[in-house]
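J.: Pasting a structure here, questions to come.
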């Protein structure tokens, strides 16, 4: 890091190159070696992977290769990795000889090459085959291990005893362990098909190959175990899909920790270490599974950085909408480093983020709690865990109370005595029965399992057990029967005195004494006192509940916590753990544990053995028992095509136990075992294939039936060996296959597939009918109307069943009155011919009866029915029937049949409104298909459309007939012009007319014309005429119809057709005709009844060649005729399938050969090919050269049967999608492009559709025609049959998909907030000061920082311009505004000022239909008006003057002159600010964060919410940040330069990506703060200043000397690379982060627009446009002059110097390097930013203000603009009489006229602005409420109170530069201490 800082310090000095010389010397050898070893052109996105893998590649490779990264990996493996491993004599297997020779030259130990031809491709790869196996200790197998099984490798080690190490390269994707989608799609892709893995390197399909899917098992095993030999497997290296594996003889020694028992416990491991391997995958996290759903792991892997960023984002925004996570994901999904993520994973990620965004960790951080509060908080958080821990203790405590003799002591009166008498005697002692000893109880019960303990000892366990158990009292009573126990119970012994006393009293009581005497004798108790006495004793309340109560009480805690766990909330600790586990998943790692592989017996390494294997010992037994046989239903695995061994492959999965190599056969088929019973009784080890007579390789054995083909899943095997050598052309050792064993039944063990169960339809399962299902007309052949009796039925067998009458029986009730038959009789009759399944089903129950039943009724009762439906009259029944009934059908919903209304008098039933030709057109078929329309439509003409067209035709603006043949004399009224004049007069009196019409629409070449021509050839349509837009199309109609010469008048062009009359009019290519032509044709022909129009709305519209035509102002025919399109034919007969496939259109013209046969480029014109060009002039030039040609537009509708040539020129890039579609679809063979191949580059400056066609990329018509394509009702195949079946609410064939299938997104208002998911609350403080962002597009919101301001606003309020001085007003000479305005505008022709280029005229001086009242012309003609909506030529004509383009798409390279000049300008800019150019200030992160918040505020407040929503594309992640959209600025700029001026180029605005604005905008605001801090007082910049500030500065600093002003010509375009250097140096001076500086330089040197790449010019719209222009201007001024302290004013390209300074000495040298054009002027009345300035102050230019007033008055907008103009006027008015010293004499009358107008027309509250007194609140309220529009200068000129009131009165600011932002910048400058 220190060296890098030192080099950066030397960047601008001459010492840097010598300092870097050692660095260059150190990398020279490495770079040279890398270029020689890896010379291939590795893609840029794969280089980081290779470098991370330790491969020293370079980015200077020049050799192309179809898969360079794989070639680099292989080269590194062979010449770096293997080169160091080969330390002994080695052999190499499966390598081309040339590659081996190169390897041998690098390392002499590579001695032998052995190749074996195992597959057909090996004969090409290997010119010869080795006759023996390798015999060296080291063997290197090149890219073949994936085709081998462990048994085969074991066989190789058996055959070659010298072999110790086998080094193998394995190519297999490790992620195939769990998915079929690559994790490195740029490096490789693969697919899984059955048991085969198809591997494609780097998208190179020709280099793809197949390999067994079980090849992955080599990465999952660590050893191969067999009875005689064990092999160990080690993964040495892994480079993505390439792995280096070492297979060694023997196993490694066991871990010493398992063997040495004397090791300390911490060093001794009881189990072996886990053999875990991991592989390189992108950094990702695994999303959790959805609840109770299974989602594949591959679709749950998302990038770690995206997940963490999205997690933070969803919790950082204040309001999260439903679309915000998806918008954030969209900003990341298109990044190249995320190609491996699947669309399902992105979907799961945004869904997961959306659904889990409300979750927050339920934690608290209470650090100031006392111990009691901490205990309380701990218990509240962990009470459930504490309860669960205490529950077992409570359970044991309940049982302990039962077992232990615990009691509760209570006080009780023992005795009460008085006068030596007991009033309350103590209770007699009662001895509870004692329990026997446990041992004694067991002895008395004499249990068989009890053994008495030795004498003197007791069983402690049994004693404790019985003491814990409570023995009920009943059991105790039974135990008393044992005398041995009760004899052991002795009473408590008494002392001798008590014994003597008791004996004496007992003797006295036995004497014959009187009772009274005996009553006074003391008994055997204590003496009773004389005085009253009460004694107490303690009574123990036993705590011994019953058993059931004790057990129930013990279970209460457990049940309570179980219920709490099931139904209660999760405890906080568990919530915390689940939250972090669920929302912060660990990084995904692709790893697994390797396990041993058991191989019971080896299988041949090759399909032929060179030497027999040594026999195994007889007493040898396998290490593991043999596995059970495979189930017979499991098919063998398929093998790979290259170097694949023939042995059977194991079951896919983990390699645990290998299957035996011998084939399983029945015992009777074994020729070596004649005694099946004897062999069945023994269990010998499996026999190895290495015997003296090796068996033939395994082959699929057929079954006993010779007709059964072999299974296609069985592996292909080779024959046995007949010769040890192969000839050069031979593939392998092949021979005739051995005879097959006819008794082998291996394949017969496979289960036979069961035939699928046939599900019968209700009709076939109906028991009331018999026979096959046939149509009703076949079963009952009669003359039914077409397509009415084609429904399926069967022959009725049983008599009518009493089916109930359905509730939807309106068909029967509609037919019954006309037939005079009861509906129930009709219902019964239907049951005689139709099965019950057709009469009782869900259709009849839900939607009603169909016309199928009406056909059946017509057969039964011999009638025909006319059904009057909404789509016309439809006939049902018998054509020959005499009885005709009428019924009516309405679609509803619900659909309904009804009888005809009653006939009154002799009136017939009401006639149908159907056109008489409609039925004929609907029934007509051409080659078995109907015309693609549903019904006739009623079209009502628009007289306004017709009048507009005929007026333009009469004047010659549209069409040519009115202007041709001027010299020919016609009879009066018969010339074309006179006829059009007469037609125009007729249209003036015409009324709207309605005719029938149908529209045939479809893709180009779909066959609209041929079927219609056949229809017109029929008799009903013979009276027709055809109108075409071109003569070429008219000639095609003539040729195809082939009518007699007398009928040629029926084919005419569109103008001559207006002068003819027929009943039927056919208009071909309607959309190529002028708007209103259809209306004019109908109104001009009184005989017209039917109109048939053909056209494709996708193939473009009519465009008038006259700039004076107003036809384009009418509504487009594509949208006007859209409701009449019933079907859009989505197929083509003309376009070749190669081209049709680009549009996803089915084509009947199948292409032959390669795609280039249909679409290709050419170097010259091809004879016989028709040429399509862009313009008429080009077509005439090509025709003059002898080649047939026409314009692309004129070729619409024409079919060419040869290839057409499309001429490309610079206009091809501007072709519309409609024209390019026409060009690509004209030929039945194909197209070829000739000319400007740059139009096919696929960039912004090319034709998109042509580019996609030449590169065979799909063309999305939805994006090419976004306004109309989604509205077209696509018909995917021709209509072969029209359904006349009516049922339900609609007819299925005429269902309009436009109404249901297409759903346009609804308009969402900006205030819509119902899609909020999370709305985070505001903690503490007041309302959030940030602006709302919920209306921003989802892709814009992640770019918004939403930082809160860190510094509080404590600055004082800005002072107004009011003063307390004595008010004074200037003296005006007096001038009437209206009188001066009447003669201000000179009489002139505004069209002379317009510019005409390429037959297009500008419209900057519109005058037609413009109001005017002040003078003889509209006042808007004073200056050019720029209106892009009204002037389509504005931007194209202005581009040459406003933009400067690069010659190529390569980035602009900064030259040495740019660096030199940029540094010179930077030094002079620092001199202007009095700065040290070498000083670099520290970066202030806090201030920069404030600037980010301020920039966000400015972006949200400077435009309305509707504007931000409308500009949602600016945050589109698919929009490259270097791409800029250029558009014209709409303005009516009125100043001294534009008044009475000519055409002027507009100002271009650059629309940049939001990323650029939000990233670099804070940088410019950060710089602006430091510039304001450093700016000396004599420097003035107008940014953020009001006119009052300008006037005050002028009064302070300007003098009365002659001023020097300058305004540059094309200032923005004149700034080249030096401006980029200047801006980068300005940012480096403030230590702006380097990535932002690099971003700025990258943008300036890589800007691309829709018109082409731009140079390093200034773009209006880039961040900091004004500041950078002002700094550039100021740097140029200080480079030109020696300014010192001369006052200077700068504002963009405008500047003013107080007096003439001396020139700088270096100016002449600097001037030659600049590209600026100066417009310097010396004057005493300088004009700066529209204000005349001087020592007296500043005043608004009265000439411009007067002109603006005139324009506003004539535009009737003065009421809205008057306050703005008055505010600008007040700045100079308040100067008093001093203002006259600032104005030139020629402008003083306009100042007086403006004052006259304001005095007479402004209301009093507005005129208060002219006063110098402070405005009262009432006036401020009136001004703010009446303000609708304010200019920027006017807004700044308002007092601060009014500005705040105006802002508060508006819901959202719409000022181009919010003045609050300048105020906040000023506050930041005051708040931060520098």
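Glycine is treated like the rest: Cβ placed from N, Cα and C.
Annotation comment: Swiss-Prot describes 619-635 as compositional bias 'Pro residues'. Among the features that Swiss-Prot reports, region 'Disordered' is placed at 619-760. Annotation comment: Swiss-Prot describes 636-651, 668-693 as compositional bias 'Low complexity'. Per Swiss-Prot, the feature ATP binding site maps to 1002, 1003, 1004, 1005, 1006, 1007, 1008, 1009. Taken from Swiss-Prot, the feature domain '(+)RNA virus helicase C-terminal' applies to 1130-1266.
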J.: Would you count the other CB atoms within 10 A of the CB of residue 1006 (ATP binding site), including those on all shown protein chains?
T.: 26
J.: What is the total of other Cβ atoms whose distance to the Cβ of residue 1003 (ATP binding site) is within 10 Å?
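T.: Residue 1003 (ATP binding site) is surrounded by 28 other Cβ atoms within 10 Å.
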J.: Can you work out the mean pLDDT of the predicted model over the domain '(+)RNA virus helicase C-terminal' (1130-1266)?
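T.: Within the domain '(+)RNA virus helicase C-terminal' (1130-1266), the model's average pLDDT equals 86.
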J.: Rank the binding-site residues 1002, 1005, 1007 by the number of other Cβ atoms within 10 Å of each Cβ, and give the residue at the low end.
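T.: Across 1002, 1005, 1007, these binding-site residues, the one with fewest Cβ atoms within 10 Å is 1007.
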J.: Return the count of C-beta atoms lying within 10 angstroms of the C-beta of residue 1008 (ATP binding site), excluding that atom itself.
T.: 23
J.: Please count the residues of the domain '(+)RNA virus helicase C-terminal' (1130-1266) that DSSP assigns to helix (H, G, I), strand (E, B) and coil.
T.: 47 helix, 30 strand, 60 coil
J.: If one looks at the chain holding residue 1009 (ATP binding site), which residues at least 6 apart in sequence have a CB under 8 angstroms from its CB?
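T.: Non-local contacts for residue 1009 (ATP binding site): 1037, 1040, 1068, 1094, 1197.
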J.: For the ATP site given as 1002, 1003, 1004, 1005, 1006, 1007, 1008, 1009, which other residues of the same chain have their Cβ within 8 Å of the site's Cβ centre?
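T.: For the ATP site, the extra neighbours are 1096, 1129, 1132, 1133, 1134.
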J.: Near residue 1004 (ATP binding site), which residues of its chain come within a Cβ-Cβ distance under 8 Å, counting only those 6 or more away in sequence?
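T.: Counting only residues 6 or more apart in sequence, the Cβ neighbours of residue 1004 (ATP binding site) under 8 Å are 1096, 1099, 1132, 1134, 1135, 1221, 1222, 1225, 1226.
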J.: Sort residue 1009 (ATP binding site) into helix, strand or coil using the DSSP assignment.
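T.: Residue 1009 (ATP binding site) sits in a helix per DSSP.
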J.: In the three-state scheme derived from DSSP, which category covers residue 1002 (ATP binding site)?
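T.: In the DSSP reduction, residue 1002 (ATP binding site) maps to strand.
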